[in-house]
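K.L.:
Have a look at this one.
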Amino acid sequence: MDNLIKQLQMSVSSENVDRNFIEKCIEMNPCRRMLHEVLLERKDILRSRMNLVALYDTDEQSSEIEEILAQFENPTFPLEEVNTEKDEEWQPLERKYLDGINRIKEDTIMKQIQLDKDMEKALTNSEEVLRNHRDFRPIDEKDFSNIRQSISKRFEHSKNNIRGEAATKILVLRREIEQQGRKRRNFDKNTTDILQNWFHDHRQNPYPSDQEKAELAKQCNIKISQVNNWFGNQRIRTKQQALRMQEDERERAASMANEAQAIQNSLNSSTVASSSNMSTSGLINIPLVNPTMQSMVIPAVQPGLLGNPNAFLHQPHYFTAGGQMSLNDNGNGQQFFTDYETFGLAQSDTESFNQMGYLG
């Protein structure tokens, strides 16, 4: 066994050794079969410890990176154009951006092509190594599959790194273009004041003529195209501000109406609740008709009363006779005072009644 191990070490470490001679010696060695069985057992142990899920699992590409790399096929200028007329100052920036995108794209494609070539070379070499090892140790098809999968995964990870680097370069390029464009678009305070004063003085019709544009450009030491862009942007900003103010006013009016309705509903609920509580507690549970006063209803006038004075004496009393009602109670629980002996209009005798002069 020791002799066999030494021969294996010689075949691995030495480059000038006669390979055919070593292979023949190993094949004829009586311990070769025993070594083969030991290697198979060792191989099974190693396979049981391998994480085959991680080996065959592939890295998912980031959706954000793919969205950024879409600039390769459909590049979009970072600076938004608010006017149909393109600013002359932006044209060099746009060319710079497109050239930068093309350079990043070409560099990424070249790196991916080189990775593909290296992966094919690595796969070929690894398969050749396994075929050579087959003469000394047990090799099956699963070994070829595992090594191909391992190499492919490593190179796929490298490709994802290259795409991530390309996305980072695109973001840096866009940020540079945005900063340069912002510097070109921002005027100094004096230029801004001149343009804003003209816009404010002509706010009813903020559209300068060609002559006025040329004069403003001369005063501000800028180009006419920049004057056009500034007024276009200013008109849009003013319109958007007016729309926002109208929307805020509508929301404020709606909020005030809702608050007023809520207050009114609260007052109505309070009134109904108070009335319900008063009715329940008996505070307004007062009878409309006093039973004691029901006997005081004036009866209908009898026929012949007006034609015969004496007939009036025979009419029933309008009110209850004296002594039948307490002088300190009018039937409703209230105290009263009277100069008459009784509470009735009709007197107890005819002479007293005539003295009152009711009939003239």
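Any Cβ shown, glycine's included, is placed from N, Cα and C.
These figures come from a predicted structure and were not determined experimentally.
So Swiss-Prot lists these for the protein:
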type	residues	note
DOMAIN	1-179	domain 'PBC'
REGION	1-82	region 'PBC-A'
REGION	85-179	region 'PBC-B'
DNA_BIND	180-242	DNA-binding region
K.L.:
On the 0 to 100 scale, where does the mean pLDDT of the region 'PBC-A' (1-82) fall?
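P.N.:
Averaged over the region 'PBC-A' (1-82), per-residue pLDDT gives 70.
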K.L.:
Taking helix as H, G and I and strand as E and B in DSSP, count the residues of the DNA-binding region (180-242) in helix, strand and coil.
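P.N.:
Within the DNA-binding region (180-242) the tally stands at 49 helix, 0 strand, 14 coil.
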K.L.:
Which residue counts does DSSP give the region 'PBC-B' (85-179) for helix, strand and coil?
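P.N.:
Summed over the region 'PBC-B' (85-179), the classes give 83 helix, 0 strand, 12 coil.
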